[in-house]
Amino acid sequence: MNPQAKLIFTISLLLGTAITTSSNHWIMAWAGLEINTLAILPLISKSHHPRAIEAATKYFLVQATASTLLLFSSMTNAWYTGQWDITQLTHPISCLILTSAIAMKLGLVPFHFWFPEVLQGAPLTTGLLLATVMKFPPITLFFLTSHSLNPTLLTCMAILSAALGGWMGLNQTQIRKILAFSSIAHLGWMTIIISFDPKLTLLNFYIYSLMTAATFLALNSIKALKLTTLMTTWTKTPSLNAMLFLTLLSLAGLPPLTGFLPKWLIIQELTKQSMAPAATAISLLSLLGLFFYLRLAYCTTITLPPHTTNHMKQWHTNKPTHITIAILTTLSTMLLPISPLIYPLS
């Protein structure tokens, strides 16, 4: 892709995100989301592979439908209440339509079908944008309207997302699809708490973005797309593989690492809200995710593959690990001790 074109698309992506996150008016928020969608499409389809074109088409159709629903929701609210302000969403039908629209934008169950397919068709760097940056504007709209949305509906969608994200990730061999289902499961954790403590949802999103960025950049550096290729990368970059191993364990939410922090705080808040059964359910469902993270981690650090693969062993290279990956991995694994500074525990 032409560097100038890539620069224009990246600037448009940042512009769309900035417009949506800083707007008070529904039309401005909608315009920002549209700019975002149009800017990411060339980045998804830049390889001109049929799978990439298919992914871009699916992404466009789903996002256009979600944007239409969002506009319809805000217009219905304006029709009944005369308010175009994002925080003044009060009409029950508008709230329901908005929940559907944002769930579709994010890839929450039951509107999750497009996300694994699109991520599988996109390159790893674009996949990183889809899993993090592109989810920020819809999460912001969720944050601004959280007081109006139905907590029961959100809790049901969250538990279903955690269940489906864990369940469907179990039998995957493509790394991008595993990370897509992991994203759906993490969205479940963010959605379950948004009605009770929206700031905790944002904290969860920031930490998830940090860990996902470290994982995607490490995978992009070692050029691994399947579990079979991941098994033979230890000989190529042992230090990077060790870092990837720790980041994956953090994504799984194991206690000494950063990924445990949002889960711990969410379970604590749910218990305070007398929602112990929901907290128990989502905690047990995260064990499904733990299984495929451990499988990924095992494949990452395996020094002798247990069976003969069709891939040649790769040469050990002395290319230094990129400083960005090193910083992201450090943050992804070592933030738990300073958690009172990040989120003061009351």
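Cβ coordinates come from backbone N, Cα and C, glycine included.
It is 178-196, from the ranges 121-139, 178-196, that TrEMBL records as transmembrane segment. Sequence-distant contacts of the transmembrane segment (240-261), counting only residues of its own chain at least 6 positions beyond either end whose CB sits under 8 Å from a CB of the stretch, comprise 182, 203, 207-208, 210-212, 214-215, 218-219, 221-222, 233-234, 286, 289-290, 293-294, 296-297, 300-301, 321, 325-326, 328-329, 331-336, 339, 342-343.
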